[in-house]
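Shown below is the structure under consideration.
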Amino acid sequence: MEDQKGFKAESGESRADGNSPEWDQRLLLWNLYLTQGILLVLGFGLLWMQGRLQIDLFGFGPWHGWWLGVGVGLAVVGVEWLLSRVVPAEWLDDGGINRLLFNRLSLPHIFGISALAAVAEEVLFRGALQHGLGVVGATLLFAAIHFRYWKKWMLMTMLVAVSLLLGGMVEVTGVLAPAISCHFTVDFVMGMMIRKGRMV
């Protein structure tokens, strides 16, 4: 059974430090909401300062690129799933953060935080920062904020590769649509797979 906040209710489960998994997850979620909210405000603020805060930038039109992003996102998920089957598990272990974040969330909640992260990060990095720093510069900053991957060379390599891919799609299409939909697809599908115990 799931409560009104989207968490699965499990009785009798606690940690040695006195904090339940539900409490740890709530702290993690508050941190996620706070950081993504800051990134979203920064992204839209920079676009406004650049004079580029226009609906056309997002790609709502005859060629919007949303399905392109979904297709690329599914391909990225496929590659990550294959890697999880052929490389040592510790290479892809982020310390259990993703597992703690996703394994007790409802699907609508996973959908919501995936959408928030996709919009916030792509508006800032691919929309605002890439305009001035280029694909490589925006990718370096994107990698820098994911500091929990710094000591995990496989995860960092995958992150940089995906970031370059996202930036490349924006450069080619001229809109954010494919990057946002790709980012969302990866986060949402991976979140569901982690929730089902099919990914680390």
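Including glycine, each Cβ sits where the backbone N, Cα and C put it.
Because the structure is a prediction, the values reported are computed rather than measured.
Residues or ranges marked as compositional bias 'Basic and acidic residues' by TrEMBL: 1-16. Residues annotated as region 'Disordered' in TrEMBL: 1-20. Residues annotated as transmembrane segment in TrEMBL: 27-48, 60-83, 128-146, 153-170. Sequence annotations record features per position, and here TrEMBL assigns domain 'CAAX prenyl protease 2/Lysostaphin resistance protein A-like' to 106-189.
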Below 8 angstroms Cβ to Cβ, which residues of this chain, lying six or more residues outside the transmembrane segment (60-83), approach it?
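Answer is 92, 154, 158, 162, 165, 169, 173, 175, 177-186, 189-190, 193, 198-199.
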For the domain 'CAAX prenyl protease 2/Lysostaphin resistance protein A-like' (106-189), what's the model's average pLDDT?
95
